[in-house]
């Protein structure tokens, strides 16, 4: 379950656009920092920035819960939104939502598969259609990821949101549409198999012709 990581942040002065705006954001990123904001609990939003290394650590460890600290103040918060650049390579902004340990919050959690479907040995291919899922849980109960067991899937089998009931950790729920398909095992396209076979036959014929001419 989730444990809050403590991160030292720096407040930004929003007056007269000194702490916000695209120009300031670019300057912060050039200094190795990522602009962010904390909001929620009917309190004023607080513009902040944090080190890129801390952001990278949060992503690597799939951290959702953070204890943000600055100027003697601390805020318990969850990552609510991550904004990437147009190439999807660099984080350009983070949104943090204030939370208390006893309240239920929403979070986007990664979906991971475990096991090798039995259908793979019969010519099937596993396809994961959904990579993350919005869940509800208390902040300390937010999992780093949700594991989908796929070992029992045969060709034509699928796992839908409704099938996650036995896979969700205790204290975790989701309001996602139960009919959404998360993963399935499909038969490899006959066209691909035929093309591969044709290539193999052509290669064999070419080799035979070469041996004959020799």
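Every residue gets a Cβ built from N, Cα and C, even glycine.
Keep in mind that this is a model prediction, so the values were computed, not measured.
Over in TrEMBL, the protein carries these features:
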REGION    1-23  region 'Disordered'
DOMAIN    8-96  domain 'Large ribosomal subunit protein bL25 L25'
DOMAIN    105-188  domain 'Large ribosomal subunit protein bL25 beta'
REGION    194-214  region 'Disordered'
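Across the domain 'Large ribosomal subunit protein bL25 L25' (8-96), the prediction's mean pLDDT works out to 85.
Broken down with DSSP, the domain 'Large ribosomal subunit protein bL25 beta' (105-188) shows 14 helix, 37 strand, 33 coil.
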